[in-house]
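Engineer: From TrEMBL, for reference:
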type     : residues  : note
TRANSMEM : A:6-32    : transmembrane segment
TRANSMEM : A:39-57   : transmembrane segment
TRANSMEM : A:69-92   : transmembrane segment
TRANSMEM : A:104-123 : transmembrane segment
TRANSMEM : A:189-215 : transmembrane segment
TRANSMEM : A:235-259 : transmembrane segment
TRANSMEM : A:271-291 : transmembrane segment
TRANSMEM : A:343-371 : transmembrane segment
TRANSMEM : A:391-412 : transmembrane segment
TRANSMEM : A:419-438 : transmembrane segment
TRANSMEM : A:511-530 : transmembrane segment
TRANSMEM : A:582-600 : transmembrane segment
Ligand SMILES: Nc1ncnc2c1ncn2[C@@H]1O[C@H](COP(=O)(O)OP(=O)(O)OP(=O)(O)O)[C@@H](O)[C@H]1O
Ligand SMILES: [Mg+2]
């Protein structure tokens with residue numbers, strides 16, 4: 001490994017750091033002012049890339065010379081900035097005061113909507129943009145060729161940093177942005193036109209995202225899916241740098257760029273893991289990143305389960321539901337049973353999350369980790385140790401519980417948005433391991449041939465088996481929620497100060513809750529693996545976590561039965577609608593947004609609300 | 001032995017010295033008031049005694065045991081109960097469940113996973129609510145109470161831990177004058193009966209001079225005077241500290257508005 | 001809405017409009033279940049859908065099979081194993097299809113083969129190329145039409161002999177298809193080119209290549225031969241970065257599938273000239289039957305065909321022939337009809353070999369050149385699959401059935 005190679009590798013690292021910083025800078029600015037972690041930031045980046053890859057070739061055809069290329073990049077970024085304004089006015093403006101879970105989900109709804117819209121507008125195929133005129137030829141560095149465009153990118157990062165610095169220091173807008181980042185109340189007190197400030201910030205943030213995306217077009221083709229990969233990295237950058245801190249983002253991007261460039265030499269197959277591991281380590285040592293400040297946790301306790309009078313019919317309803325479940329094999333066909341099986345599995349998955357979110361107020365954004373660990377645990381023990389299903393399921397459950405125990409140890413030290421980001425990072429690490437540890441997990445291929453034992457292989461027996469396990473697990477969890485342990489979790493959620501003052505060891509309780517919840521999700525994951533006959537890394541992905549959150553949200557976070565209803569509703573909807581349209585994600589995104597805006601209490605909560613109003 | 005001994009506590013936030021070299025003693029069964037203008041550092045002292053804040057310097061001794069670095073949980077077990085300036089209760093629970101929760105914790109049952117919480121220690125909790133006059137709303141959601149009532153519930157919660165030291169940061173805020181006196185009478189009775197030492201702060205001077213046995217005056221983080229209510233009322237420095245609000249230290253002329 | 005899904009809606013509408021009157025006159029149609037990665041791999045699958053749609057229309061215009069019309073119920077397989085088996089379940093259990101065909105990614109193909117075996121339903125893998133589908137994971141319910149990795153790599157390696165390259169580097173997507181192709185290449189190059197060694201291997205994640213880093217890592221090993229398995233967006237970025245850094249200048253490059261229009265067209269004028277590739281020079285194939293197919297396709301869709309179009313078209317015709325031969329849509333009868341049967345296709349006769357359920361369809365092998373604004377193939381020839389198939393002994397050694 002000679003010097004010139006190391007130098008080139010360092011330059012590669014710098015250029016990806018630059019690109020990353022430009023995008024992450026927008027994210028962190030938006031967070032600083034609005035306190036919203038904007039999942040859709042990655043979508044804006046994607047739109048920037050698509051727009052530029054479509055627009056710039058048209059402009060180049062006009063033959064105005066190299067300047068048209070850069071004009072096209074800038075125009076694309078401005079277009080994206082305007083889209084950002086649109087998102088602010090239509091959506092964000094309405095959820096500034098909402099609990100962070102709702103904010104995260106609503107912006108994720110935008111991600112889903114944009115994914116389908118982008119395909120509608122730009123077509124399904126990947127678009128590689130033109131190369132920058134005048135920068136096609138490489139430059140020679142220490143006897144090696146290096147793309148000259150990358151040098152431009154390397155310069156772009158510091159330039160953007162400088163311009164943003166000037167903007168923040170020298171303009172009234174910048175002063176306001178900084179003030180808002182420091183102290184939100186102050187801005188309100190100053191009588192500043194907040195709406196304008198927030199809209200302006202969103203324009204700036206979206207502009208930077210668009211710029212980051214547009215600058216990529218000569219080297220990366222614009223494609224669906226770039227939104228989630230960039231947002232995951234941008235999250236890492238902002239969290240490591242400290243949410244809201246621009247210099248922090250720059251430093252973090254530099255470190256991550258080099259880590260990736262050289263990490264590929266040392267751990268060629270664990271590039272994804274390295275990045276998220278960095279984030280986990282930084283958060284474990286400095287819970288608020290390099291330059292971040294503790295966030296006043298606000299308003300989260302507004303959502304969650306509250307004590308309510310036990311309905312006299314509760315037992316009857318439960319019996320009726322179980323009875324219907326038991327008699328389903330008599331009336332349903334094989335496919336209906338398959339759907340019912342999956343609904344049960346997702347109900348358990350969502351319900352396990354309810355223990356964290358609704359009961360403990362711990363907003364986990366990476367619950368897929370435990371679902372996936374359960375599935376992989378079962379599949380791996382089947383593949384490597386030839387365990388039968390009866391042993392593989394507990395093995396999956398144990399793996400998930402162990403994972404939750406480990407991750408929980410880090411997570412319960414954090415709160416609010418940092419906690420959500422940490423769970424997300426943890427899930428991404430496990431995703432990356434499953435994805436890149438090909439020898440053991442099969443990587444992208446996953447593991448196939450995960451079929452139930454002979455006695456349970458028919459649709460009816462497997463359904464009944466699932467019904468039994470899920471019913472037991474849910475009843476146990478309900479018991480826990482109503483037991484002192486569940487109350488202690490709620491106590492800590494309602495008021496940490498009070499909970500501590502009456503001697504509750506909040507972290508220990510949350511840690512145990514995390515583990516129990518992980519175990520339950522793991523059981524669901526194991527069942528899912530056997531239901532589908534295979535596992536693959538997508539079980540661990542962000543969309544799976546969001547699925548669980550969406551089910552919770554649809555059902556209603558304040559209710560115990562919400563997640564069960566939510567799982568049923570979402571799954572049936574998906575099953576009915578997905579075959580009919582290629583716009584399923586658009587629809588799902590709109591549903592999520594609508595629920596956040598219109599029915600924040602979810603189906604069960606809303607119905608119960610009507611009942612209470614009448615009485 | 002002295003119940004609470006506070007020795008040279010200091011705390012600063014950035015540039016603001018919220019407490020400077022604060023020392024005092026508190027005996028069992030005694031009612032001690034800390035008074036001072038807004039931002040004087042009263043809550044800061046309470047939080048250092050209650051364990052919510054770690055002092056920069058100084059020590060807190062409970063029954064001779066150094067608890068300066070102990071967690072709030074540990075202090076709870078050692079017999080420190082408290083109410084907060086901004087009432088802290090479990091708003092998602094009913095009133096009686098709030099108290100039950102404290103009893104559950106007191107009995108070391110907070111990790112129990114099986115028998116429902118709502119049936120545990122209910123009678124005991126109702127009895128405590130009876131004491132603070134909240135028994136009739138025991139099954140109402142805590143979030144539906146008036147602020148003054150929430151304060152009462154907080155007192156019941158604090159008492160559930162059978163404390164020997166009770167910290168009350170503005171316990172009567174949000175109550176009508178009549179109720180304030182009643183609540184402090186009640187507190188005094190309980191303190192006397194169970195020989196609990198009570199440290200409290202109040203902006204209502206009627207309450208302070210009517211109930212405290214001793215008064216400490218805190219200004220800009222420093223104790224400027226300590227003594228019996230009568231001594232404090234006469235103290236020139238205290239009068240100056242409350243300048244512009246000369247009547248604050250006057251003897252009450254009937255009921256002052258809430 | 002994309003054009004394709006528009007046609008789907010239209011088709012649905014038409015089907016509904018005409019369903020009622022024709023139902024009385026005729027028996028219920030034969031339902032075929034089709035699943036593919038229409039969202040994730042649109043570049044290949046959308047032309048593929050046009051291909052099967054065209055065959056379907058032609059067949060039904062001539063009265064269908066066994067006096068019944070054919071109906072294809074098509075779904076997106078989500079490009080993941082779990083989604084694919086779930087969709088398959090829906091097709092089998094809810095739609096009641098007689099057989100399944102399709103899928104793009106090799107890992108999904110393997111999962112589908114496993115599913116077919118578990119549920120005892122016929123599955124015809126159209127695109128997935130991994131050897132596993134007909135070898136290690138092969139089973140009597142799973143058939144494949146396209147030439148496998150082993151066959152295509154074999155064709156390429158034969159071309160490499162002449163080049164004299166000995167220091168080989170491999171770059172392949174890190175999933176079933178890439179892994180399988182790389183493994184076959186390593187084996188064949190050592191067997192067939194004496195003195196050949198592998199000096200570098202890069203396995204970027206599918207769809208997530210870091211092209212700059214990958215190219216410099218390959219460059220570092222100074223290979224004189226490169227075997228590429230990348231396709232789609234990974235390929236485009238790899239080629240651009242490799243061109244810039246001069247990676248291909250003094251190296252012999254063998255590349256799977258790069259001559260197929262679906263992967264070649266996005267490269268535009270940046271085609272790496274001189275690469276030896278498998279592909280589909282559709283405009284230069286002069287056989288009348290094939291030309292008729294191309295003309296009909298262009299007339300119908302106003303679009304030039306991709307390899308996917310040809311494949312979709314062929315698959316449906318082969319299924320029709322098999323059903324006709326079987327005389328029913330019973331799984332066992334259809335398996336019997338497929339095995340060792342010679343099918344007459346637009347590219348000539350193709351036999352479905354019984355021992356491994358692999359068809360003898362071949363591939364076009366040639367070199368890449370720039371023709372005007374786009375790339376194309378030159379010096380190409382069609383190589384029938386038969387001589388490149390694994391021997392009976394090799395098959396018997398790995399297949400479990
Ligand atoms: N967490 C904190 N961070 C920074 N400054 C603080 C913090 N807590 C208190 N302070 C500052 O310390 C000083 C003392 O505050 P403290 O709340 O103890 O006053 P107080 O006497 O209780 O006032 P009040 O009568 O208004 O309740 C004030 O200047 C306050 O701004
Ligand atoms: Mg105070």
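Cβ coordinates come from backbone N, Cα and C, glycine included.
Computed from a predicted structure; not experimentally measured.
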Engineer: Take the C-beta pairs under 8 A between the transmembrane segment (A:511-530) and each of A:39-57, A:69-92, A:343-371, A:582-600. Which stretch has the highest count?
Structural biologist: A:343-371
Engineer: With a cut-off of 8 Å between Cβ atoms, can you find at least three pairs linking the transmembrane segment (A:69-92) to the transmembrane segment (A:6-32)? Only pairs 6 or more residues apart in sequence count.
Structural biologist: no
Engineer: Taking the transmembrane segment (A:419-438) as the first stretch and the transmembrane segment (A:391-412) as the second, find out whether 3 or more Cβ pairs fall under 8 Å, excluding pairs closer than 6 in sequence.
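Structural biologist: Yes, the stretches contact each other.
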Engineer: Could you tell me whether the transmembrane segment (A:582-600) and the transmembrane segment (A:104-123) have 3+ CB pairs under 8 A, leaving out pairs under 6 positions apart?
Structural biologist: yes
Engineer: Go through A:6-32, A:39-57, A:391-412 and flag the stretch with the largest number of C-beta pairs under 8 Å relative to the transmembrane segment (A:235-259).
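Structural biologist: Looking at each of A:6-32, A:39-57, A:391-412 in turn, the most contacts to the transmembrane segment (A:235-259) are made by A:6-32.
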